[in-house]
Amino acid sequence: MSGNTYGKLFTVTTAGESHGPALVAIVDGCPPGLEISLEDLQRDLDRRKPGTSRHTTQRQEADEVEILSGVFEGRTTGCSIGLLIRNTDQKSKDYSAIKDLFRPAHADYTYHHKYGERDYRGGGRSSARETAMRVAAGAIAKKYLASQGIVIRGYMSQLGPIEIPFKTWESVEQNAFFSPDPDKVPELEAYMDQLRRDQDSVGAKITVVAEGVMPGLGEPIFDRLDAELAHALMSINAVKGVEIGAGFACVAQRGTEHRDELTPEGFLSNNAGGILGGISSGQPIVAHLALKPTSSITTPGRSIDIDGNPVDVITKGRHDPCVGIRATPIAEAMMAIVLMDHLLRHRGQNADVRVSTPVLGQL
């Protein structure tokens, strides 16, 4: 199986399955001398881990990360950073009834046709359990980017039909939904409680923002920064759409509305989402992710078995009724990994570039 590594100068390779003994990651390319601790990584892992509220899966994983290499006396050495998270709460027997069936809208059917073999326990490699390692690796990238003045934060901007207006960043960390509007939390809780009673699931929209990014990151033509972000964010389980800036709303805009005009004081808008011609403009980089409703629900669904016979499938086990609730730190991690990679690439080729034009912010 290929496709387990992302990046060119800052690379992240992950391995492990949902019900295997552990998840592992190798992070290469981190500059030496970065102060890093287990707490730096654990902070984001705790934001993602399961079982933290009644609105997420009740699988109880501590997600305690171990640093195996690449860090000595609290500082990165420049060598490969090895990371490990042990799985501790697998209940593989929950999946024995579906080992010869294909769950609708899961990767069971496609993995079977591609490999001829599949780990049916919790989806194996296709499970979102893998994203714990992305969050751990992304925490390293976030720590380095922060030292360069770059801050990456995300929030839930929609759950099912409920749109969530942005109010404050402080509110995001004070509820289980990563909602920036505390007044919306009771409505979100009531909606999720009813959803659970209906034995159904729902999708969500996540917004992730990077502030403090200097102009110049991104490599035309095929490694445009927005293309790389879309690639990385689309690689997250259940993501079915990515928008940069105004995204699909630009279809209804006129050029006079959409263009981000410049003044000596700064940009007048940010419809481009901080990226022009595939290169960062110095404005905040803004991306939106659409996550589908999980198909792991107890309502029966039609499918087939490995012999092609029709069956009704009821998915047992412990699942998120809305995978978007825990997706915010994952989206932050993937944006951080992309920006870290491009920062190092930009520095390698363009470190000596100097222009007299001032860097503009947004009014």
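Glycine residues also receive a Cβ, built from the backbone N, Cα and C atoms like all the rest.
Swiss-Prot lists ARG48, ARG54 with the feature NADP(+) binding site, giving sequence analysis as the kind of evidence. Around the Cβ of ARG48 (NADP(+) binding site), 23 further Cβ atoms fall within 10 Å across all displayed protein chains. In the three-state DSSP scheme, ARG48 (NADP(+) binding site) falls into the helix class.
Long-range Cβ neighbours of SER127 (FMN binding site) (same chain, at least 6 residues apart, Cβ-Cβ under 8 Å): GLU17, SER18, ASN237. Annotation note: SER127 (FMN binding site) sits in a coil segment as assigned by DSSP. What Swiss-Prot records for ARG125, SER126, SER127, ASN237, ALA238, GLY277, LYS292, PRO293, THR294, SER295, SER296, ARG318 is FMN binding site.
If you measure from the Cα atom of ALA238 (FMN binding site) to that of ARG48 (NADP(+) binding site), you get 15 Å.
For SER296 (FMN binding site), the number of other Cβ atoms no farther than 10 Å from its own Cβ, over all displayed protein chains, is 21. All protein chains included, LYS292 (FMN binding site) registers 17 other Cβ atoms within 10 Å of its own Cβ.
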